[in-house]
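Colleague: This is the structure I have questions about; it appears just below.
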């Protein structure tokens, strides 16, 4: 049978067919749907959301050492978080096969950078595979696990947004039950002391030689001979783009196993073609190694290293060809940037915070990063998961040390706080910091599309579990109970008072805003705690003085003509605009 | 010359484009085509511009459509059709829902919604305009707007070999099958 699957769905199917019994991840675009699609195989695979990517890889490593075929998945920047265990597990090697799926985001559709994680395979000295469509995404999982076990190496399974989120037809296979490998205590292999590490490093170098032999032999790296005037070495989705542009007019060395590279095969291919092009997205990862081997080729001289590739870019760069297009006058079209949803619980808090003067707001990764956009502009920085609190602490200390009169507020979401914010809060308490921490608890992991987390009370596979109590956790870290303000972010007066109190304090303070994401399907616990809103808001045109203050909340349901207008299909009755209006011109209807 | 056809569905998050593209791609697969589809998730979805790209033919390589390559643009919102017009093949078709969703800069008063969108579209391309939202509302459920659009698309592309009734039955809940079949039919009638 054939199914129409995204790359992520195909990887999940591949994990099932390959006898994977353990999978862990932290959600992150474009990787999130891999674990979401593994979760339903509950009878065959244990799957969990871990609090962060380092933990996800470590639990997968534990399962692999225990003997289970294991998978960890994360977005590209997540691998930075997980790099520590990765580099050591690269030395020890595996028991049950282990693959680390790295989902890169060329073009930064939903990321803060576009790092090329193929270098992680080279850097940590482990094998790497790169599928070029959904069928390969499924098939390569099994192959990668076999490589992992045969060569005693973790395997980096590198995909990109276009592989993850494009659909193609996939032929299914049967599940192979591989069970669990026997575990036996092996101190020299699994205890990475310096003495053992020195021995292991030698083995790693020997392993790389064997892997290069494999790379030259495997069908994952295949040559498609056509006209030999033009030869193209390519991998991942760039292969599909190259085929689109050159069709049968070029020969291809299509690489599916990209570390170590098949240098012998590359040389043979290069010898037989007149001009050799390397077509790869982002960095000149293949090109550098080909050139280092003394083989002439053309790559990044023509193909951009910034942004996502597509067939047009390749056709223009190499052939100088451009399709005619219809010119429409771009000035006519107004941008449509992403915004916080109508009724988003973050809006009320950011609206009040944006009014405070002389405040630096350190932000974090999540929907609330949109607080940086017009008209709220309520953010100064966004670095990485958890950095709101720690960068805020550092900034506050620097301001104080140099006598600069400025207060710092760090703003972070619930899932991000569990991810790595809690250690940063420890830093504030431990080092007697004075920056304000705000935890925007919307009871779910929002931006990636509603994944459970340690605060929601449910696991990935739908089981009820303990919900971590954020106020208690802050107290346990050492924030005084009287310095923890738990508020409803839709109550603007409460927001204002909590912010003022926190800004005045001379010791660590935490504001926790509690309200579920407006798009979340409420759990029974949510309904019990927060109820169900039935009203929507409406403008009384008589009372409206056209001051536009309601539009300053940035709610997409509010438009302005000569008076404010609230779109009744979009409004969910959060009442933030109602409180913001100085003329009581907005009322509740539908009660 | 490649036989691959390209369809670009554009609009705003929340307009039902994902289901529309699912119906479309399943229909094409059932008719025996190789199909690839590409969509974007995450940050871009929060009230942002949304596109789904569908390519079909004997053998499809790239999952994405280039500039000047799309045979048709099906736009669920007026201004989005204009935004993506440079992806239309010279001589290609535009099917556009006469429906306005102001974006953030317009809502806060920093920009104005362009007044002449439909005129530009009609001048630049073979454009069909109709009010899919109103048609859907008349049928009794504004959410069927996306299926009205699929009906119009099927007619515009001449996708007669697909059993659309079967595809709709397979993808919507039983109680919504009838209204969606009507929505599809209404969409067909717009061209």
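Any Cβ shown, glycine's included, is placed from N, Cα and C.
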Colleague: Among A:517, A:574, A:581, find me the residue TrEMBL lists at the same [4Fe-4S] cluster 1 site as A:544, A:547, A:550.
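Modeller: Record source TrEMBL; matching candidate: A:581.
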Colleague: Expressed to the nearest Å, what is the distance separating residue A:574 ([4Fe-4S] cluster 2 binding site) and residue A:544 ([4Fe-4S] cluster 1 binding site) at their Cα atoms?
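Modeller: Between the Cα atoms of residue A:574 ([4Fe-4S] cluster 2 binding site) and residue A:544 ([4Fe-4S] cluster 1 binding site), the distance comes to 19 Å.
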Colleague: Using the centroid of the Cβ atoms of A:555, A:571, A:574, A:577 as reference, list every other same-chain residue with Cβ within 8 Å of it (recorded [4Fe-4S] cluster 2 site), in sequence order.
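Modeller: In sequence order, the nearby non-listed residues are A:342, A:343, A:347, A:537, A:553, A:557, A:558, A:566, A:572, A:573, A:575, A:576, A:578.
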Colleague: By Cβ distance under 8 Å, which residues at least 6 away from the ends of the domain '4Fe-4S ferredoxin-type' (A:535-561) in the same chain are close to it?
Modeller: 339-343, 347-348, 351, 373-376, 567-568, 570-578, 580-591
Colleague: Can you tell me which of the binding-site residues A:555, A:571, A:577 is spatially closest to residue A:544 ([4Fe-4S] cluster 1 binding site)? Compare CA atoms only.
Modeller: A:577
Colleague: Six or more residues beyond either end and a Cβ under 8 Å away: which residues meet both conditions relative to the domain '4Fe-4S ferredoxin-type' (A:562-591)?
Modeller: 342-345, 347-348, 351, 490-493, 518, 533-553, 555-556
Colleague: From the centroid of the CB atoms of A:544, A:547, A:550, A:581, the recorded [4Fe-4S] cluster 1 site, which same-chain residues not already listed sit within 8 A by their CB, in sequence order?
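Modeller: Nearby residues not in the site list: A:539, A:545, A:546, A:548, A:549, A:564, A:577, A:580, A:582, A:583, A:585, A:586.
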Colleague: Of A:544, A:550, A:571, A:574, the binding-site residues given in the record, which has the fewest other CB atoms within 10 A of its CB?
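Modeller: With the binding-site residues A:544, A:550, A:571, A:574, fewest surrounding Cβ atoms within 10 Å: A:544.
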